[in-house]
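Inspection log for the structure reproduced underneath, given as structure tokens.
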């Protein structure tokens, strides 16, 4: 009888593991292949060879790139090279990417930038918020952008127990932000287990010098985050659930879920066109190819444009798709004056004139 019970439990356990494995492949879109949707006036950006995971653009056309991300389980073309922040002036006739100097005293050797966000204060001071993973830990760095010197002055490093696995950040004040945790745990094995079992424990946290609190939870893997031009709504990409969540910002900075937009792809970072409110999304058509890198079958890239997301029938347009022959692993797409920038997790970046 005891052996029968043991065999029954073993069978149930194996069946559960098998079901979870198949479910994970579905969440990763592991069987998806794509056909290219090209744009005519595009070129690869010189000087970006190891990824531009996130991009943020100021109203004056200065674009910031976080480059050189190293992440457990992800391929890297330069595993020993520190990351950095690059800048490109999109108002120039032939814009080029330049690396920004960082103030003395900041640990550049372990700089591993991930999601970024800018904030302009009432006195026109520009702050750059950077999710950083020094030695695969989790911090948010706040810099002051010094345009005359093309440099960043490091102001503050933020660590908190509610920020165990930070992915992206949207600044809402000089020391205030919302951040996504793509996992509940910080330990790599527990992260893997959390993903495999689809526990949906990822969340969004609000940080200010006065308080830090959980404001939204129940995500499979909360990834990109951004805010509407009128500052009333926060958008969160749930990458493994293929969803964008629309959350209404409350006076106390809590978030209330308003709606969920289902998409058939892995949605990464979200960028907002300030003039129209359109959401531009860098996507991964096949997530398995990101983690099992094969140069003969590289990860593909996809850019979506979402219009009128607050309406009953938002418009979703596929702007660009590439099978990896040009661009591998697109993580962000952002627009400025009909100029489109597309960044990737660990490869190149694309500049297009629409």
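Glycine is no exception: its Cβ is also placed from the backbone N, Cα and C atoms.
Now, the feature entries from Swiss-Prot:
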- 42-352: disulfide bond (DISULFID)
- 53, 167, 223, 268, 269: Ca(2+) 1 binding site (BINDING)
- 54, 116, 168: Ca(2+) 2 binding site (BINDING)
- 114: active site, proton acceptor (ACT_SITE)
- 254: N-linked glycosylation site (CARBOHYD)
- 269: N-linked glycosylation site (CARBOHYD)
- 323: N-linked glycosylation site (CARBOHYD)
53, 167, 223, 268, 269 excluded, remaining Cβ within 8 Å of their centroid (Ca(2+) 1): 54, 114, 115, 168, 224, 237, 239, 282, 331, 332
Residue 116 (Ca(2+) 2 binding site): tally of other CB atoms within 10 A of its CB: 26
Cα-nearest neighbour of residue 168 (Ca(2+) 2 binding site) within the listed recorded positions, 42, 53, 254, 323: 53
Additional residues surrounding Ca(2+) 2, by Cβ distance to the 54, 116, 168 centre under 8 Å: 53, 55, 56, 66, 113, 114, 115, 117, 130, 131, 169, 224, 269, 332
Candidates 42, 114, 323, 352, namely the recorded positions, that fall within 10 Å of residue 167 (Ca(2+) 1 binding site) by Cα distance: 114
Cβ neighbour count within 10 Å of residue 254 (N-linked glycosylation site): 14
Recorded positions listed as 167, 223, 269, 323, least Cβ neighbours within 10 Å: 323
Rounded to the nearest Å - Cα separation of residue 223 (Ca(2+) 1 binding site) and residue 42 (disulfide bond): 27
Euclidean distance between Cα atoms of residue 352 (disulfide bond) and residue 54 (Ca(2+) 2 binding site), Å: 16
Between residue 352 (disulfide bond) and residue 114 (active site, proton acceptor), the C-alpha gap once rounded to whole angstrom: 23
Tertiary neighbours of residue 42 (disulfide bond) (same chain, Cβ under 8 Å, six or more apart): 350, 351, 352, 353
Reduced DSSP assignment, residue 53 (Ca(2+) 1 binding site): strand
